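**Q** Below are the features I grabbed from Swiss-Prot:
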{"type": "BINDING", "residues": "HIS83, HIS182", "note": "heme b b562 binding site"}
{"type": "BINDING", "residues": "HIS97, HIS196", "note": "heme b b566 binding site"}
{"type": "BINDING", "residues": "HIS201", "note": "ubiquinone binding site"}
{"type": "TRANSMEM", "residues": "33-53", "note": "transmembrane segment"}
{"type": "TRANSMEM", "residues": "77-98", "note": "transmembrane segment"}
{"type": "TRANSMEM", "residues": "113-133", "note": "transmembrane segment"}
{"type": "TRANSMEM", "residues": "178-198", "note": "transmembrane segment"}
{"type": "TRANSMEM", "residues": "226-246", "note": "transmembrane segment"}
{"type": "TRANSMEM", "residues": "288-308", "note": "transmembrane segment"}
{"type": "TRANSMEM", "residues": "320-340", "note": "transmembrane segment"}
{"type": "TRANSMEM", "residues": "347-367", "note": "transmembrane segment"}
Amino acid sequence: MTNIRKSHPLMKIINNSLIDLPAPSNISSWWNFGSLLGICLALQILTGLFLAMHYTSDTATAFNSVTHICRDVNYGWVLRYLHANGASMFFICLYLHVGRGLYYGSYMHTETWNVGVILLFAVMATAFMGYVLPWGQMSFWGATVITNLLSAIPYIGKDLVEWIWGGFSVDKATLTRFFAFHFLLPFIISALVMVHLLFLHETGSNNPTGIPSDMDMIPFHPYYTIKDVLGLLLMIMILLTLVLFSPDMLGDPDNYMPANPLNTPPHIKPEWYFLFAYAILRSIPNKLGGVLALVLSILILIIIPLLHTSKQRSMTFRPLSQCLFWLLAADLLALTWIGGQPVEHPYIIIGQFASILYFSIIIILMPLTSLVENHLXKW
């Protein structure tokens, strides 16, 4: 008799994706983040579902309903802080996952990569709308500033913004629709994850050498299931430490004040995981130019496969490209820091320099360095 996991239509899919999947024998811990992202998504959907049972998406009661969750609901504070800090863990894993893809040339699987970029946009949109829901000061003003950016689009901008707002300012209609979309998007993300995995399993995983590993594969279970469990335990340990000891470390104190349209906070800034893009937006004096730079800072990932000029796929044996990669990583940290600073003298010029460097490394320096390395390899 055939094993049920190999014959049952549903079990067969799970078996071919998680158990008998052939995986390269040499993939490192940088390949753990895919599974961690899946677990983060499941955690966010689960905690979000329970939070939605107690939350009210009305401007008069939203802030109080979040307070009610924290004070009166059994373990409501755990749910709320798991959800808020879970988003931070999600983005840490997401950025490391993208960084891994850039370093090891995983973007050469273009379909998987492009679906991944769409996923990144979807997760960013979901996180932005989620930040608006507690209806604190930073929620309200963050929503006002970011949605207002669409008014920079010529001709249709103003109408587009009012259409998104559902009125002439960020108000009750905006909050209600943001809640609806914030609830819906994670399920769309789940479907996109399936597509992402479908494309990945068409080609198989890349590995640190960047060389095809068809001749040396091992089953996913038990080798990589055990490895993923270790990564999961480490992530949960970090997340629980954050939630139980310092839940507000990554948040903004202004969001503990109810939204007040008559009082603008001195420094409007998004959550830490958007600060690098926010810094790029602010570094361009022109509104439309800033919006374009903001969108391109993420959309540029789509053209990465076209900019690959090296004869080698991975950066493992390309020290010059490695230097540029880590310069890019440092530059993104600098942009994140700048995004959280006020718009005044030293920070403006640093932000502009870091923004120019960001685009220069990706569009000009990386492809040129790869060509130089190709030439050096001939010697």
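Cβ coordinates are placed from backbone N, Cα and C, and glycine is handled just like the others.
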**Q** Indicate the candidate from HIS196, HIS201 with the smallest number of other Cβ atoms within 10 Å of its Cβ, considering only these binding-site residues.
**A** HIS201
**Q** Between the Cα atoms of HIS83 (heme b b562 binding site) and HIS97 (heme b b566 binding site), find the distance and write it as a whole number of Å.
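**A** If we compare the Cα positions of HIS83 (heme b b562 binding site) and HIS97 (heme b b566 binding site), the gap is 20 Å.
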**Q** Out of 77-98, 113-133, 178-198, 226-246, 347-367, which stretch has the largest tally of CB pairs under 8 angstroms to the transmembrane segment (33-53)?
**A** 77-98
**Q** For HIS97 (heme b b566 binding site), which residues in the same chain are close in space, meaning a Cβ under 8 Å from its Cβ, but six or more apart along the sequence?
**A** PHE33, GLY34, LEU37
**Q** With CB pairs under 8 Å as the measure, which of the listed stretches 77-98, 113-133, 178-198, 347-367 comes out on top against the transmembrane segment (226-246)?
**A** 77-98
**Q** In whole Å, how far does the CA atom of HIS201 (ubiquinone binding site) lie from that of HIS182 (heme b b562 binding site)?
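**A** About 29 Å separates the two Cα atoms.
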**Q** Looking only at DSSP and grouping its letters into three states, which state does HIS97 (heme b b566 binding site) belong to?
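**A** In the DSSP reduction, HIS97 (heme b b566 binding site) maps to helix.
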**Q** Between the Cα atoms of HIS196 (heme b b566 binding site) and HIS182 (heme b b562 binding site), find the distance and write it as a whole number of Å.
**A** 21
